[in-house]
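S.K.: If you scroll down you'll find the structure; I have some questions about it.
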Amino acid sequence: MINITLPDGSVREYDKGITSMQIALSISEGLARNVLAAEVNGEVWDASRPIEQDSTVKLLTWNDAKGKSTYWHSSAHLMAEALEALYPGTKFGIGPAIETGFYYDVDFGDIQFSSDDFKKIEDKMIELAKTKSDYIRKPVSKVDAIEYFTEKGDEYKLDLIKDLADGAITLYSQGNFTDLCRGPHIPNTGHIKAVKLMSMGGAYWRGDESRKQLTRIYGVTFPKASELADYVHLIEEAKKRDHRKLGKELELFAFSEKVGMGLPLWLPKGAALRERLTRFMQNAQVKAGYEQVITPHIGHKNLYITSGHYEKYGADSFQPIKTPQEGEEFLLKPMNCPHHCEIYKTKPRSYKDLPVRFAEFGTVYRYEQSGELHGLTRVRGFTQDDAHLFCRPDQVKDEFKKVIDLVLYTFGALGFDNYTAQISLRDPDNKAKYIGSDETWALAEAAIIEAAEEKGLPTVVEYGEAAFYGPKLDFMVKDALGRKWQLGTIQVDYNLPERFELEYTGSDNQKHRPVMIHRAPFGSLERFVAVLIEHCAGNFPLWLSPEQFTILPISEKYEDYAKKLSDELKNSDICGLIDFRDEKIGRKIRDAEVKKIPYMLIVGEKEAAEGLVSVRRHGVGDLGSMSIEDFKQQIIKEITV
Ligand SMILES: [Zn+2]
Ligand SMILES: [Zn+2]
């Protein structure tokens with residue numbers, strides 16, 4: 001008999017050679033129907049693989065990330081089976097699962113293939129899935145594996161086998177298809193109920209441009225047709241909300257090849273939006289005891305040698321700028337922390353002075369490969385809402401709580417109400433790889449956990465995910481489409497205070513090292529605005545909206561009245577423009593709707609004569625006519641909510 005420990009800590013006895021599927025069956029038939037694979041001693045296995053010794057077992061279903069990934073990888077095998085049936089002689093490269101779905105790199109030889117053929121393949125996959133063929137694992141010798149794929153004539157698999165050790169090679173078969181694969185897979189193809197091939201493209205074999213280009217086909221599968229329908233809807237909605245598309249339509253930002261890739265240009269409306277976010281954060285920070293500082297965009301190379309950035313990232317960064325006379329080297333600032341450490345050192349600090357909190361909207365530059373650049377989410381120059389807190393070890397918990405308050409206040413004002421906090425701690429089995437004493441780490445880790453608990457945050461704890469220089473807390477936000485974004489990081493740092501020899505005088509009159517905390521609720525303004533655009537589909541909260549109203553005169557006769565209204569609203573800090581174009585009112589309304597301007601104020605003869613405005617709210621419709629005073633009050637009420 002062997003002992004099997006389950007995730008709830010319970011231990012059950014089974015015969016040696018029991019499979020995870022049999023364990024599931026012994027618990028409930030319903031569970032067994034949903035088991036896709038199992039994690040055995042931390043490794044994902046086929047549910048049909050015999051377990052020979054005492055083990056911890058976690059059964060994996062569609063609800064587990066590892067279960068999904070096994071499912072999607074198995075779907076790649078199913079697609080290969082369909083391709084082989086429809087296009088005999090097709091050769092196969094690799095077919096992994098990806099974040100959502102899977103791909104397979106294939107060589108069609110002389111066959112012409114296009115996305116018009118997707119439907120045929122999808123149908124074949126469903127037909128094959130219905131046979132409920134088991135995925136059968138077969139360990140083989142290297143010689144036998146080579147013989148099999150030589151006979152089949154698949155040079156890509158032979159190329160892969162070359163690098164494998166004899167004794168560690170397995171083949172998997174389902175239906176009429178056999179693949180070289182280390183597994184694991186789901187029990188049978190019957191779990192796959194809905195299929196969609198998403199796109200295709202070229203991919204060099206083994207990522208090597210000198211080798212053959214294969215066809216990469218992306219697909220996604222689901223255990224229910226309704227889940228596929230939801231997914232397709234999500235993709236369409238995401239396309240509509242793409243910040244690159246809306247950024248252009250709403251005239252927020254642009255890119256210019258002449259200026260340089262990955263360097264966003266903020267247009268007037270985007271700059272207005274960004275200004276408001278900045279002011280919002282500055283006001284909140286002043287209330288929370290932060291002091292604003294300003295540092296230059298470049299720093300001497302020695303600064304980054306001291307901080308360790310040069311050694312770690314220097315080769316992959318923008319290269320140093322040299323002064324023409326002295327040949328001194330400067331780097332574009334990749335982060336603000338080293339500058340802030342030098343600000344800390346400008347005067348002696350006592351334990352009574354701490355904490356000090358330096359905040360800066362610091363623009364930093366990081367080299368990203370051109371292929372990695374993406375709208376505002378991956379850029380080469382961006383502005384962080386950065387701050388560094390320098391405190392005593394006994395102040396870490398309080399500082400964390402205050403930063404959590406600030407982050408939650410920000411999320412609340414911007415409509416992000418679905419979040420979890422991920423706490424990243426040391427790997428308890430490998431403490432040597434972290435800098436700082438065991439004692440300070442234990443203190444900081446406990447402080448973060450307690451702070452999160454006292455603030456009632458929903459948390460997940462990840463061991464081994466801390467940086468080598470300190471534990472951290474990250475906020476993971478779900479947007480309106482259920483997509484996850486990491487926003488807001490609070491990071492403890494024992495490394496920089498050491499490297500910059502930061503000190504304070506303690507109550508014992510001795511010198512001590514302060515603890516440094518990095519934090520940025522938005523992260524970068526660029527990325528935050530991108531997430532915000534996609535979250536609210538460009539319908540910003542009124543207080544943030546760069547153009548809160550547009551006045552639409554029915555004809556030029558009412559322009560003077562429109563100007564008078566506009567001035568009056570501007571005097572109350574409500575901003576907007578007048579549409580002076582010689583267009584029909586219907587056209588003006590439609591254009592304002594496209595620009596997602598919150599309020600449209602229509603003025604004609606009646607309004608001008610009686611001192612009224614006819615109000616339309618974007619996404620709502622006609623609100624009727626009201627006095628300008630009532631309209632002002634309505635806006636002020638909405639902004640302050
Ligand atoms: Zn496989
Ligand atoms: Zn920092």
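The backbone N, Cα and C atoms fix where each Cβ goes, glycine too.
From a predicted model like this one, the values you see are computed outputs, not experimental measurements.
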S.K.: Which one of CYS337, CYS536 goes with HIS388, HIS518 at the Zn(2+) site, as TrEMBL has it?
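M.R.: Matched candidate out of CYS337, CYS536, per TrEMBL for Zn(2+) with HIS388, HIS518: CYS337.
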S.K.: Restricting attention to the domain 'TGS' (1-61), give the mean pLDDT.
M.R.: 96
S.K.: With an 8 Å cut-off on Cβ distance to the CYS337, HIS388, HIS518 Cβ center, who else from the chain surrounds the Zn(2+) site?
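M.R.: These residues sit around the Zn(2+) site: MET335, ASN336, HIS340, CYS341, ASP386, ALA387, GLN491, ASP493, LEU496, MET516, ILE517, ARG519.
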S.K.: Using a Cβ-Cβ cut-off under 8 angstroms and a sequence gap of six or more, which residues of the chain neighbour HIS518 (Zn(2+) binding site)?
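M.R.: Expected: CYS337, ASP386, ALA387, HIS388, THR489, ILE490, GLN491, ASP493.
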S.K.: HIS388 (Zn(2+) binding site) has how many other Cβ neighbours within 10 Å of its own Cβ?
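M.R.: Result for HIS388 (Zn(2+) binding site): 24 other Cβ atoms within 10 Å.
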